[in-house]
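Peer 1: Mind looking over this structure? Questions follow.
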């Protein structure tokens, strides 16, 4: 949406008088001289609306005004359209700034503006309001307590004290400062009135509440007396429907501002709040708070205007509220006035255009005083109209100023700044314009001479209104000295230049038309004759646009021949269809130019067909029509229709009717399509030079539905739980659904039965159906088959498959269940085999004593196994264990529960290796005894692993001593790992490296490297 425009023009015609009280024109005689560098005031800083806190300790306030001008400006202030009395001690000026000491609300509140002037004129600043801000304290009286039943909604009123301005922010204290309430879906503090809303009261809401009010404009905060809130307990809290109690009103806002809408509802349970813009999408800059109670629209635009709705809903009901946002716009310049110089006696068109909503009005100031309203036209104006002008656009929401200085020029003609060229070149037979542009006001009269001969207008010679001299059909005799004379009522002046005649530039070898195929090269020749005293350049253009040979993309295809003088030959390499068109060679000097053109035809594959339309949509075919594209100078031989379904990103050639679409056809059918499938279509054309670009794809269409014609595959099943028949199949992919309401019909009967039982499965993605029948005999053979259906009919049945119904779960529980505690983390469980043939596996369930049975872990073993090992158990922990027999139908009854305890954890301290000493052909490794902690298993011995460095396997020793002898390695390094052993398992490892070299290097003998090592167990240990 665009804001309306207001256009105002200042038209100055025949400027004729003087400036009045300003004297600058007197200094310069009859007008502004060329040396005049002065200018009127231009504001660099203007006063802004200011709020002075009544309780401020500063004791003064400043309103700023600063202008740039030459000479320096003089400043003056006005308040409520009266002059500010600067003789009063309370007022002072610092530069252009007004300083008010000890501001008084009764005397100083009002509207201020600044005037800045010098001898060029006066300008008036924007208006600024000085107001006095305050925030009174809350009344000292105590606030009564509030009692509310739990589950009911509640509002605590803030009732803020008297204040100015209105931009307050609100928070609520709970019991003490600075504990503030956090807003959520249940609690909301309105920033409109400050009230605290609780959707439904809970017992946790009990406490003392205080409304905390802040005024950011005067940086002051106050808070109310505390309000005791006492929730009344209820046996059961009754739900009640949503009730919107915080409602937003119709608002008018300004474009570019941020808008906040509040909406909060009481209700039990807490209502959910949703926002929408009625009949339109929400603004892209809209944000909804986490609680949902606040909608913020940032940088609102005109198109965001409209009706907004919030809806609150819980399980008991919903409530709605609507209000409208009206978006207005500050005035904004579309075109404004600028500093302007005009000749005395001339005309001026000075536009002033503003936009806004509502439409702004235009008024004018001259030298700070009201001058005119609306469109301003000035006739027959002189020096009196010079000065500072201000165009003011204003509506109900704002005012903008455009300032400009109007200078009146009055001076005798002078060529000092712009003399005639001393030497002018012109080609024989051509045309020349000799400019004559002196500075003069009013506009002078012009005359010309050649040598001693006065020139007058003729068929070849024309003196323009601006003083320029035009000569056509130039001959050698036109060469010579020319003088321009300019005269006005202020004086006269002249300027002289010499016209030199040169030979004309002519194309002597023009480019000729060419006809090529895509990928070939073409040469455009061009040569010219020219005056030898001048430099010649060639410029090539394509279809009216100059070819830029410096661009990398251009250099790929265009190349110029610089080898020959006066030759501008152009080579077009690897030409493409886009290079076909008109090429123009221009030979040019600084004096004249000559051009010649030729056409390049590039033959290639056809362009894309256009206007593709889809008609007569059926289940397996559609009719297509299109319009013929460009044949690119080679007749189209055939068309190809291509399709793409919603299930694929690839385009494929479609089968068509007729099978071959001749090049003179513009319609055909695509056949053998999939029913009830979404398709896109496109058409490509082919000629002898290749296949062209495809047409723009059609809109996506869906073919009509049809009954399925594909049967499900992989029909089978069996297994399941007691009294179940499980039937499975491979679901048909989406492309074979062929219609809406797709599903499956499952048919089954006992192997020797006569009558088929049929059931309907409506889920198109499922491939499984389970039939439950308490009378069904376990492990009974059934014949099954499946077919698909949709709203158009049924498809064919699949091949018949034979499956068995589920067998019964085992009926006996394992007996003689026993356990053996192996360590702190392992238990071995064993049981007696169940004799039933239908047992396929055993399941061991176990759980810790501090856990519930529902959290039990499970271990499954085959029916041939009668024991299992439980690992990763907690040390020193009570466990319960039971065993059950299972098959595909489920598990039978469990055994009696066995209670047992894991052993304490193994020692956590590694053995500290004291020494590693070589003695003859052996090493003696010695370590400290490991003492177990109170919650650890007692050390019963030590395990020593002797292995090559870098390998995990080695030789394992055990001992009750604190040392061991191991052989010296034959070659390389070995690692000796030592760990304590206990009933709870093996402890943490220590290790040392030993070497097989004759002299033991201290660097190879590392003392204790505590870590959790890789533990290798051997059955013989």
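Backbone N, Cα and C atoms are what each Cβ position is placed from, and that goes for glycine too.
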Peer 1: If I look at Swiss-Prot, which residue among 473, 632 would I find recorded as N-linked glycosylation site?
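Peer 2: So the answer, going by Swiss-Prot, is 473.
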Peer 1: Could you check which of the glycosylation sites 457, 473, 494, 521, 935 is the closest Cα neighbour of residue 593 (N-linked glycosylation site)?
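Peer 2: Nearest by Cα distance to residue 593 (N-linked glycosylation site): 473.
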Peer 1: Whole-number Å only: compute the distance from the Cα of residue 494 (N-linked glycosylation site) to the Cα of residue 457 (N-linked glycosylation site).
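Peer 2: Cα-Cα, rounded: 19 Å.
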Peer 1: List which of the glycosylation sites 338, 457, 473, 521, 935 have their Cα within 10 Å of the Cα of residue 258 (N-linked glycosylation site), in sequence order.
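Peer 2: Within 10 Å Cα-Cα: none.
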Peer 1: Could you tally the C-beta atoms, other than its own, that fall within 10 angstroms of the C-beta of residue 593 (N-linked glycosylation site)?
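Peer 2: For residue 593 (N-linked glycosylation site), the 10 Å Cβ neighbour count is 20.
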Peer 1: At a 10 A cut-off on CB-CB distances, which of the glycosylation sites 208, 258, 457 has the highest count?
Peer 2: 208
Peer 1: Between residue 208 (N-linked glycosylation site) and residue 935 (N-linked glycosylation site), what C-alpha distance do you get in Å?
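Peer 2: Answer for this pair: 52 Å between alpha carbons.
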Peer 1: Do me a favour and check the Cα-Cα span between residue 473 (N-linked glycosylation site) and residue 338 (N-linked glycosylation site); whole Å is fine.
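Peer 2: With distance taken Cα to Cα, residue 338 (N-linked glycosylation site) is 43 Å from residue 473 (N-linked glycosylation site).
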Peer 1: In the domain 'Ig-like C2-type 1' (41-131), how many residues does DSSP assign to helix, to strand and to coil?
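Peer 2: Across the domain 'Ig-like C2-type 1' (41-131), the residues distribute as 4 helix, 52 strand, 35 coil.
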Peer 1: Determine the Cβ neighbour count for residue 935 (N-linked glycosylation site): the number of other Cβ atoms within 10 Å of its Cβ.
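Peer 2: For residue 935 (N-linked glycosylation site), the count of other Cβ atoms within 10 Å is 10.
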Peer 1: Using all protein chains shown, find which of the glycosylation sites 473, 494 scores highest when you count other CB atoms within 10 A of its CB.
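Peer 2: Selected residue: 494.
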Peer 1: List nothing but the one residue from 338, 521 whose Cβ has the fewest other Cβ atoms within 10 Å; the candidates are the glycosylation sites.
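Peer 2: If we count Cβ atoms within 10 Å for the glycosylation sites 338, 521, the smallest count is at 338.
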